[in-house]
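Notes for the one structure printed next.
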Amino acid sequence: MDAPVKLMPQRTPFRILVSAVLSTRTQDPVTAAAADRLFQVAPDPRALARLSAARIQKLIYPVGFYRTKAKLLPVLSRMLTERWHGQVPRTLAELLELPGVGRKVANIVLSQGFGLPAIAVDTHVQRLSNRLDLVRTSRPVDTERRLMEILPRRAWKDWNRLLVALGQTICRPRQPLCSSCPLSRLCPRRGVIQSSRSQKPKARG
């Protein structure tokens, strides 16, 4: 099974934060390329805060909602500079104060940026956690809370990474490759109408 594209070769909390914001509604290869272009020009919060929205737009296009993100990023960077002396905060409550940052992005920063126990629920985690019948939830916040109840704390920070890799390559939304899945004997396949056995898994964004 191929792993998903690594978005942040230099995994500082700031780069993880910005890359996670860029990744919303965007495929991994597009996010990685946009983040690389942006960090070449603005490698830290102070530099990014000085860029105009128009300049950022050109650097991050064609990520999803690039115009909105281009307006948010300098504001976010100014907040980091003014309130946290250019550092990314280490608590969920503080991260949620930043523009463009919801629970998913905040938990990605906590888990990947600081190695803290946190569960980032994206579309893959939401789908697979329900398909495995670990949860029966429709809202990501409920999924996060339920997973925190049933998973050992040591597993929280890796849960997103593992399920994203599986969801991008094998456990797809439609016609998952159940015969190729390492969890096939354990999975109740809740909600799966039809699986595919003939195709080889391909990495997806």
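The backbone N, Cα and C atoms fix where each Cβ goes, and this holds for glycine too.
What TrEMBL says about a protein is an automatic prediction, not a curated fact.
Copied from TrEMBL, the annotated features are:
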BINDING   C171, C178, C181, C187  [4Fe-4S] cluster binding site
DOMAIN    22-169  domain 'HhH-GPD'
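Positions of the features from TrEMBL, shown on the structure.
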residue: C171; record: [4Fe-4S] cluster binding site; Cβ neighbours (10 Å): 26
residue: C178; record: [4Fe-4S] cluster binding site; Cβ neighbours (10 Å): 17
residue: C181; record: [4Fe-4S] cluster binding site; Cβ neighbours (10 Å): 19
residue: C187; record: [4Fe-4S] cluster binding site; Cβ neighbours (10 Å): 17
Item to check | Shell of the [4Fe-4S] cluster site beyond C171, C178, C181, C187, same chain only (C-beta within 8 angstroms of their C-beta centre) | outcome: R131, L166, I170, P176, L177, S180, L183, S184, R189, V192, S195
Item to check | DSSP residue counts for the domain 'HhH-GPD' (22-169), split into helix, strand and coil | outcome: 102 helix, 0 strand, 46 coil
Checklist entry - Under DSSP, is C171 ([4Fe-4S] cluster binding site) helix, strand or coil? => result coil
